[in-house]
Amino acid sequence: CWEEERERERDRETLSVSSNTLCPSLSLPNVRSCHLTQTWSGLGNGIKTYKYNALTFIPLNLFEQFKRVANLYFLALLILQVSLLKTALCYILCYILCHILCHILCHILCHILCHILFQESKWMNIHVGDVVRLKKNGHIPADILLLSSSNPNSLCYVETAELDGETNLKFKMGLKVTDERLQEERQLAQFDAMIVCEEPNNRLDKFTGTMCWRKDRFPLDLDNMMLRGCRIRNTDECHGLVIFAGADTKIMRNGGKTRFKRTKIDELMNYMVYSIFVILILVCAGLAIGNSFWYEEVGSRAWYLKDGKDQTASYRGFLSFWGYIIVLNTMVPISLYVSVEVIRLGQSKFINWDLQMYYQEKDTPAKARTTTLNEQLGQIEYVFSDKTGTLTQNIMAFKKCTIAGRAEQVDFSWNKYADSKFEYVDHSLVACIRSKKDKETLEFFKLLSLCHTVMVEQKEDELVYQAASPDEGALVTAARNFGFVFLSRTQDTITISEMDQEMTYEVLALLDFNSDRKRMSIILRFPDGRIRLYCKGADTVIYERLSPNSRHKEVTQTALDIFANQTLRTLCLCYKDISKQEFDAWAKKHKDASVAMGNREAALDRVYEQIENNLMMIGATAIEDKLQDGVPETIAKLAKADIKIWVLTGDKKETAENIGYSCELLTDDMQIHYGDDIKDQLPASSRTRKKVPDPFFPEPGKNALIITGGWLNEILYEKKKKRRRLRLKRLGRRPASATPQDSTQPIDDWEKESRQVDFVNMACECEAVICCRVTPKQKANVVSLVKKYKKAVTLSIGDGANDVNMIKTADIGVGISGQEGMQAVMSSDYAFAQFRYLERLLLVHGRWSYIRMCKFLRYFFFKNFAFTLVHFWYSFFNGFSAQVAYEDWFITLYNVMYSSLPVLLVGLLDQDVNDKLSRKFPKLYLPGQKGALFNYKNFFISLFHGIFTSLVVFFIPYGAFLQTMGQDGEAPSDYQSLAVVMASSLIFTVNLQISLETSYWTFVNCFAVLCSIAIYFGIMFDIHSAGIHVIFPSTFTFTGVAPNALRQPYLWLTIILTVGISLLPVIFIQFLCKTIWPSVGDNVQRNRKKYEEEEEEEKKKPAPFQRDRRSRRSAYAFSHSRGYADLIASGRSIRRRPAVALGTTTQTDLGSG
């Protein structure tokens, strides 16, 4: 991942600033700062956030609309009926609003330096190279290099909520040289530096540049940049140089196309629409042929059917074809899609309103951030979860430490800076510190107070620490409570209070953390002139760099093993004294590497390696990250629902395994397989791949897999060989020929794909999979592999920025609003505060949403087939003339008024069992995973059910009207009376049919069914009345038909007979299914009262005594993104060592903080 980034850096464009002018590698004449020579497109600060303009609105909007296949169908019908095209008013409104917003943004006023004075100007007039002045609480108009500010040391606080969703303030700091020399307007006007930087890109976490000024070069990074979209906070005034403007700013570069996620049901409905197209075309073609044949044999010979038109039978058949396309278009009505969106919106609101998913401690309700994926929640097969902050609380408590091999909880009243929330129980450690006799203990806590990137604020006489990670905050807080208090920092100094004595240290170098180094260091000059390096990091990297003379290595390693077994997050601390000569030689190399424009990170890493060696061990810390409430129970319930859970974490293997046992993802009856143990199975299997592969684990029993990111890279051939080729290319060498070790590398893409398939098959055989030490990109790759080769519905859940890629890759993304900001939440489809709410989201809301949507779609297709195909049967008796079987107004109102409300309420409110039983019986979730409730089989069942109902609805009234006589001696066998009887029979049938489908009856459901029938009769009698016919004689032509027909008892008997014959087979089939072949849901429904009584009895029983047992927690994990000053000190990986007696090792137990 880093090598690819370095490759991209090699191709970047060089930009130069000369006399307030920025351009790519060009020498430009001096110009005024308010007038810029345009050297490439995009230098202006005007932006466009709207998707359309006046020319592209119609074609682009139509393209988006026609991605849904049904819209093409509706468009064709609308054109055939010469109807008005439905206008996209909402899109036009968005188009107008976006234009207005962009206009407002471009006309915001700011201060730009012209000559030697700052003048007001609009944002749109800002150009690259301008010097601007920003005020407190103002928005930043472009990507700006901070030059100076009103705060000491040019410190500037910014709020980045619009970039990453995080509300905590970040600090930016100008270079020391610009802080000292660019405070006044006259000095700023004379600023003539040259800036060489990377080309515009979308990396919000990275900036690389160099400033050349007054024959010196200064490195620039993200800490010196203020990005567009941020706001100035706690800073009265600051000055900056515009580096990127307008569309070249990082926030605009991140405004890519939004890709919408679609559910399996949506995809299936597209294919069903295709099927309906085919059925419709075939039916209409058959009826058109029938019309041609009928006209040839009958119509042309009957004098009373002459219409005076000289048209051939073939042409009449052609017209009949398009007529039937219009008549039968209600097979897929527009109201179907409208109803689906209404149901999805309602289901989303139910999730938002669920008080059982509301986290009271942080006033955080659950939030459905999308309305299109609810039913997909009922089909999840794989859950991919982060660990830290997702399964755990991500609230760190300093619990234990080992100092120089000794172990030492506590009254902190002697320390005025102590945190009242911090608790400790070993009094001997405090006594040791206060005595000042143990130098190694003092050095331990001094390191914790100095080696970090925490920022401090003074609020009401209290110190408030702002840490990039909870781990760092816990460590600095621990040092603070033991008397080593971090007070303040500048660009080149850091001040602490050592046992009430204030000391200031000069910061000579800060060696950045990244996920490859897994450590951070700081080089300080002590007041007495000594130079010392402090370092903290993962044990795997620290132990490789220890001096042979370092003491306490074995006992510290043993303590680390103990801490890891207790699932604590560990961190090694060490130091090194450096001579002035050694530092001066190293500082020169560091200066050269820090201003390098090509592969700066790699150059700095190599320089860091030269100084971070021969370290002396001081000790190690252990931090507890508590498991969230309800995590084991949630995982157990999801496992019973046949949902496989994979944990993808940056923790080390021992930690990952322990957290797996702690949350009951791993159990004692599982066979644990490690990556190294099963590596040899994959190459052989990929060469002899079968259509139905043999199981990887033939032994009976449950299996679990624990692998590392490095193993994953090796197995899936990611990056390893590419990095080697790039390294050899830079050295000017050719890659060596394949060695025996390379023989397993893929010779082509097919073999690579086979290896990936085998890995996925192997992992999916396991009940649980844990991937540790994985990067954010690897997390996303694992999710995409399962989606690609298993065609499974996946869900990813995480809480941090390093989980965003995984969340976006999965079919469903869930964000936890935890301690690591809001980036995961902003990228997610659903968000809540605790992992335990996932159980309710899937087993209750997800299952209900899936059942409701499937029931709605099955019924909707049925009722429209039953309604539409009556026209088909009627065609055989009207010469295939495309004459409709119903009154026009009935056709118009059928889906809108007469049959929509009951099925809409079923889609919103129906439930087979209540929420408590849904969670008690996770097996109820299985039908959704199998897609058993809505598929092609169900579609064709609905089709044949509709065909049967349409046959009954047409032919029974037709047969009844053949030879009948009314009470008044007249025969009510006219077409209009037949249409009324068929329509009445259909309304009764479809509304009683939805009643049979309803599992959860409420007053609203009952009212909807009765109201739909009442509305039908009320409207029918109104539009058949003489009064409305007088007003609109050509529109309402069925005058008096309903009163005349429905006063005949014989016709009411016909309606009852039709409805009964339509419903009896359904009732019989439902009875057989629930008695002879009952599903799990049917059994639970049948015994619902029994289960509810048992639950009430359990509540009355006293809680059984449970022995307190220590829960296993996670060990220290490294972050994959940089924090303050591009640094986060994290990352541990315990190596296995032979057990050694602790001897004099000090392990300090801390109470829960």
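Note: Cβ is positioned from N, Cα and C throughout, glycine not excepted.
For reference, TrEMBL has these:
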- 44-82: domain 'P-type ATPase N-terminal' (DOMAIN)
- 69-86: transmembrane segment (TRANSMEM)
- 92-118: transmembrane segment (TRANSMEM)
- 271-295: transmembrane segment (TRANSMEM)
- 315-340: transmembrane segment (TRANSMEM)
- Asp386, Lys387, Thr388, Glu472, Phe513, Lys536, Arg569, Thr649, Gly650, Asp651, Arg773, Lys779, Asn802, Asp803: ATP binding site (BINDING)
- Asp386, Thr388, Asp799, Asp803: Mg(2+) binding site (BINDING)
- Asp386: active site, 4-aspartylphosphate intermediate (ACT_SITE)
- 728-750: region 'Disordered' (REGION)
- 825-1079: domain 'P-type ATPase C-terminal' (DOMAIN)
- 856-877: transmembrane segment (TRANSMEM)
- 889-909: transmembrane segment (TRANSMEM)
- 939-963: transmembrane segment (TRANSMEM)
- 975-994: transmembrane segment (TRANSMEM)
- 1006-1032: transmembrane segment (TRANSMEM)
- 1052-1073: transmembrane segment (TRANSMEM)
- 1092-1116: region 'Disordered' (REGION)
- Task: May I ask you to check whether the transmembrane segment (315-340) and the transmembrane segment (1052-1073) make contact, with contact taken as at least three Cβ pairs under 8 Å and only pairs 6 or more apart in sequence counted?
- Result: no
- Express the predicted model's confidence over the domain 'P-type ATPase C-terminal' (825-1079) as a mean pLDDT, rounded to an integer. 89
- Among the binding-site residues listed here, Arg569, Arg773, which has the most company in the form of other Cβ atoms within 10 Å of its Cβ? Arg569
- Message: Between Phe513 (ATP binding site) and Asp799 (Mg(2+) binding site), how many Å separate their Cα atoms?
- Response: 21
- Task: Please indicate, using numbers and ranges, the residues of the same chain that are 6 or more beyond the transmembrane segment (856-877) and have a C-beta under 8 Å from a C-beta there.
- Result: 265, 269, 272, 283, 287, 290, 324, 327-328, 330-333, 336, 339-340, 343, 883-886, 894-895, 899, 903-904, 906-907, 933-934, 938-939, 941-943, 945-947, 949-951, 953-955, 958, 982, 986, 989-990, 993-994, 997
- Message: Assuming the binding residues for ATP are exactly those in the record, Asp386, Lys387, Thr388, Glu472, Phe513, Lys536, Arg569, Thr649, Gly650, Asp651, Arg773, Lys779, Asn802, Asp803, what is the maximum CA-CA distance in angstrom, rounded?
- Response: 26
- Message: What whole-number Å value do you get for the CA-CA distance of Asp803 (Mg(2+) binding site) and Gly650 (ATP binding site)?
- Response: 11
- argmin Cα dist to Asp799 (Mg(2+) binding site) over the binding-site residues Thr388, Gly650, Arg773 returns Thr388
- Message: I need the most crowded of these binding-site residues: Thr388, Asn802. Count other C-beta atoms within 10 angstroms of each C-beta and give me the top one.
- Response: Thr388
- Note on the structure: In the same chain, residues at least 6 away from the ends of the transmembrane segment (889-909) whose Cβ sits under 8 Å of its Cβ atoms read 330, 333, 335, 339, 342-343, 346-347, 852-853, 855-856, 859-860, 863-864, 867, 979, 983, 987, 990-991, 994-995, 997-998, 1000, 1002, 1004-1005, 1008-1009, 1011-1012, 1015-1016, 1019-1020, 1023, 1036
- Under 8 Å Cβ-Cβ from Asp386 (ATP binding site), six or more apart in the same chain: what's there? Val647, Leu648, Thr649, Lys779, Ile797, Gly798, Asp799, Gly800, Asn802, Asp803, Met806
- Are there residues at least 6 beyond the ends of the transmembrane segment (1006-1032) whose Cβ is under 8 Å from a Cβ of it, and what are they? 887, 889-890, 893, 897-902, 904-905, 980, 983-984, 987-988, 991-992, 994-995, 1038-1043
- Report, as a single number, how many Cβ atoms besides its own are within 10 Å of the Cβ of Asp803 (Mg(2+) binding site). 32
- Message: Test of understanding: give the count of other CB atoms lying within 10 angstroms of the CB of Asp799 (Mg(2+) binding site).
- Response: 31
